[in-house]
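For 9-30, 42-62, 82-99, 119-137, 149-167, 192-212, 224-249, 279-304, 316-333, 339-359, 371-390, 410-427, the entry in TrEMBL reads transmembrane segment.
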Amino acid sequence: MKTHKNKTLTITTVGFALFAMFFGAGNLILPPFIGLQSGDEWLMALVGFFLTAILAPFLGVLVISKSGLSFTDLGYRTHPKLINVLAILIILCIGPLVAIPRTGATVFEIGVQPSFPSFSNVVFAILFFGTVFLLSISKTKTVDIIGKFLTPFLLLSLVLLVVLGVINPPDVITESTMTATEVFSFGFVEGYQTLDVLASVIFAGVIIEAVIDKGFSSENERSRITLAAGLVSTISLLLIYGGLIYLGATTDFPMQDNSTRTQLLLHISSSILGEKGTFVVAIAIAFACLTTAIALTTATGSIFEKISHGKIPYRLSVILCTLISVVLSINGVDAIIKYAVNILLFIYPIVFALILYLLLFGRYVKIRQPYVASIITTAIVSLISVGINLDMQKELLSTLKSYLPLQEYSLEWLLPSLIAFVFGTALDRNQN
């Protein structure tokens, strides 16, 4: 039987590990820009950002912990083959094709290149992902490595920046040019760019496996520990995001059309910490990207091992994942983002819808049809956004999209998928 001390230590370690898994480089760059755009309405922006960047990922972890041991266990609620295809799309998106190589490219472009412009990006990619490989190869130790050793450095640099900035703000907060509703919507949509809803359903498997490895094997204990750890992560993210948004709202940075979010972050850090500010941001980004890359690599290996029923061993998946990431990261952040956009426009709403309906109706609706219907409908609506972005029949698709409710919040899929869910439920009951 576990002692209270062991439970507390496990909750703390796993909670901070989950925080670090979610908090990648993009999570550091987004909030200050949101604050700058929101001005004195920054709290409304934080509320919107909280819903999509903090609460939704927490619910994703919660849904998986109540449904099984990993995302693929949702197959009994939808369809095994459908959920496996979805799992592969998600893991490729947040894994070796997009998110993992982006971490290495981000560290190089922000943390290395400004100080060492002649340093080879190829050499850096090999060193960075070599470290990721070494720290990912033992999946049962991943959470401990992140939670006990790497997260403290990440948190220290973030807390230093946020606390000093809040204590001594420039006090130049400006009046927002947007209404409170517009500010809320802006924060809400910006939260999509963290990609953490996609990551949550995959990270959940890593977290649950770590909890079981520490001796909490019963379903009740596992759910309680995962819930508590999720709350630790959620509160930590809220405090850090809130602080960063506030720093953006109170900065005197003269944002121009050609200014970047990275320049904004560097300006804020330099204003607060002087010349050391750039170094602190570089450290924060390095650890943010490293922890996320390790978590994603571990998750990639675990998912492919499970889907293939052991035919693709965890170690082989990790090796392939790091090799692909080295090659793609050399192309740079912009190149990665460019080809990733359309993948995200398609897959993000599908996962969001699945989490939402399992959370709201999972206890009452046990049949497959409603969930399958909502996934297919969401996929069809998402293809409209992809088509618009690719300039395929843009005028026609834009007109069609304009008739969909909530499209101004990027939630045009919500009502059609809900109707499909209700229709699927009613159809099954009529058949029976």
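Every residue, even glycine, has its Cβ placed from backbone N, Cα and C.
Any TrEMBL annotation is an automated prediction that lacks curation.
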Contact between the transmembrane segment (42-62) and the transmembrane segment (192-212) (at least 3 Cβ pairs under 8 Å, separation 6+): yes
Contact between the transmembrane segment (316-333) and the transmembrane segment (192-212) (3 or more Cβ pairs under 8 Å, separation 6+): no
Chain residues in Cβ proximity to the transmembrane segment (279-304) (below 8 Å; excluding those fewer than six residues from its ends, i.e. six or more beyond): 17, 20-25, 27-28, 70-72, 87-88, 91, 94-96, 99-100, 103-104, 106-107, 110-112, 115, 128-129, 131-133, 135-136, 139, 142, 145-146, 150-151, 153-154, 157-158, 160-161, 199, 202-203, 205-206, 209, 265-266, 269, 273, 312, 314-315, 317-318, 321-322, 325
Seg_contact(the transmembrane segment (192-212), the transmembrane segment (9-30)) with at least 3 CB pairs under 8 angstroms, min sep 6: yes
Surrounding residues of the transmembrane segment (9-30) on its own chain - C-beta under 8 Å, 6+ positions past either end: 2, 49, 53, 57, 61, 99, 102-103, 106-107, 110, 142-144, 146-148, 150-152, 154-155, 158, 190, 193-196, 199-200, 203, 206-207, 210-211, 214, 216, 225-226, 228-233, 236-237, 240-241, 244, 261-262, 265, 281, 284-285, 287-289, 291-292, 295-296
Proximity of the transmembrane segment (339-359) to the transmembrane segment (82-99), 3+ C-beta pairs under 8 angstroms: yes
